[in-house]
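Enquirer: Sending over a structure as structure tokens; questions will come in a sec.
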């Protein structure tokens, strides 16, 4: 199969290499022509994935439109807030028979839409059955080294999900399938916010009890939002829910956890973001999900606390006290 991958960050590059190693012909698109030329010349992504060599059947291109036209499958691996402008580059192309696989984890800030909703809005000829999302606990740093990883491919069409499964599945990259794309995308977005909160507990010096509380109650927030928006409750207990939540909250590779640690240690958000090499999706997603939760009437106190600390400059200790001193509730509501 010929597959285009849009986005040459660590995850896009990792998936491009994985797909090429499986035998697919892969076109990896980089936004800046000079970066694309450097990747093609170096045969590795020194900036984002140093040490991982490109197979011969992986080529780096600077024209996304041409790559899409010539491919059967398109993987979108750009930051969630850049998805709309990226796919607009090929919105006039015929997408008949093509499958679009989103691997970004976020909610669009200006619209409150999930990634598959953005794709369907920007690409008017695309049908929902042509769209899939690949998600789960899958840090690029481990996948690129061939370490065991499990993810889920989700689409409203089981047939499409199974095509994606076949395209990506390897001996060390196990792909499951489901048809709950709503739940998979919402869970993938919310877990980044909860990871920031988990990082904050580290940064202020709290122990494992606090982190476990954040993960567990964060899962409850994720579940409430997913159910309110029509997702399958079982999805939250799967790879895209608890699986990705745990790894993002605990892993040393987690950019969102890192942001939280630094916030907890007293650094400003602007200072943290300005010194990061890659995007922490949970930052802007916290604002998008907070606004979404209010619009649909779902209580998400941890998400609200993260939003207030990041965007309203609420002191960390004050936010923690407010969380702990909320009115007592039933565990499940």
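Glycine is no exception: its Cβ is also placed from the backbone N, Cα and C atoms.
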Enquirer: May I ask you to find which of 67, 132, 140, 220 Swiss-Prot records for the NADPH site already listed with 10, 11, 31, 32, 105, 255, 279, 281?
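Expert: Swiss-Prot lists 10, 11, 31, 32, 105, 255, 279, 281 binding NADPH, and from 67, 132, 140, 220 it also lists 140.
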Enquirer: Going by the sn-glycerol 3-phosphate site in Swiss-Prot, where 105, 136, 138, 191, 254, 255, 256 are listed, which of the candidates 180, 244 is also part of it?
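Expert: Candidate in the recorded sn-glycerol 3-phosphate site: 244.
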Enquirer: Within its own chain, what residues at least 6 apart in sequence put their Cβ under 8 Å from the Cβ of residue 191 (sn-glycerol 3-phosphate binding site), listed in sequence order?
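Expert: Result: 105, 218, 222, 241, 244, 245, 248, 249.
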Enquirer: Can you tell me which of the binding-site residues 10, 31, 281 is spatially closest to residue 254 (sn-glycerol 3-phosphate binding site)? Compare CA atoms only.
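Expert: Considering only the listed binding-site residues, the nearest one is 281.
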Enquirer: Filter the binding-site residues 10, 31, 281 down to those whose C-alpha lies within 10 angstroms of the C-alpha of residue 256 (sn-glycerol 3-phosphate binding site); answer none if the list is empty.
Expert: 281
Enquirer: Compile a sequence-ordered list of residues in the same chain as residue 10 (NADPH binding site), six or more apart from it, whose Cβ lies below 8 A from its Cβ; state 'none' when nothing qualifies.
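Expert: For residue 10 (NADPH binding site), the qualifying residues are 45, 48, 49, 140, 141, 144, 278.
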Enquirer: Name the secondary structure element type, per DSSP in three states, that contains residue 254 (sn-glycerol 3-phosphate binding site).
Expert: coil
Enquirer: Name the residue among the binding-site residues 31, 105, 255 whose Cβ has the smallest number of other Cβ atoms within 10 Å.
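Expert: Per-residue Cβ counts within 10 Å for the binding-site residues 31, 105, 255 bottom out at 31.
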